[in-house]
Amino acid sequence: MTGNLSGENPAESVSTTLAARPEDIALDVAHTAVVVIDMQNAYASPGGYVDLAGFDIAGAAGVIGRIATVLESARTAGMQVVFLQNGWDPDYVEAGGPQSPNWHKSNALKTMRARPELEGKLLARGGWDYALVDGLKPQPGDIQVHKPRYSAFFHSQLDSVLRARGIRNLVFVGIATNVCVESTLRDGFHLEYFCVLLEDATHHLGPEFVQAATVYNVEKFFGWVSTVEDFCASMRAIAKP
């Protein structure tokens, strides 16, 4: 199963089969993108927002390396890579005020209110916290999209950027599995994208069971679940010389 090929000649397409749950899925490389969710200092580096807010980021380092492996395989095969970065303008207008539920629920905003010395430092565009981690820097041909909320499809250019390139299949990696990754994947499903979660290339925020809950939700209701090893194997089968 794969996305709409938009009238393109099937003979010109390059397809591979990805081992996944609940069943394998066929991915046409030209119509598939790896979507990297929020691999920013805020979420994966000591001293970033998530660390300062009291969440355990110990698992993030391993995820960075596995995502780098995924991206190398994807680029070698000619697959599109899209980086998402979560945050707001330096004045936090995009974050919303007290009339927005985001003002009340964002742990970054709550942390800054509790610790005034951090004001203006967390998830502000142009700052260290907002920047992508050193181990995952965009390469020529990669796409970067800003997002102001958990779902990368909300008030962003993501949907139009993907549709303009004929992308119908999305392979998700990043942080946090149970928040921004799942929110974006669910919205992708509702927008008729075929969504795959690479479960060992994601990291959750909170207790271990929330990772398992997201994996269950994706496998049963919203898409397909695979692994870094299986993804890279499928890319090697079609890698450009």
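Each Cβ is built from the backbone N, Cα and C atoms, and glycine gets one as well.
Straight from Swiss-Prot, the features:
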type     : residues : note
ACT_SITE : Asp38    : active site, proton acceptor
ACT_SITE : Lys147   : active site
ACT_SITE : Cys180   : active site, nucleophile
- Item | Rounded Cα separation (Å) that holds between Asp38 (active site, proton acceptor) and the residue listed as 'active site, nucleophile' | 8
- Task: Specify the count of other C-beta atoms within 10 Å of the C-beta of Lys147 (active site).
- Result: 24
- Report, in whole Å, the straight Cα-to-Cα distance of Lys147 (active site) from Cys180 (active site, nucleophile). 10
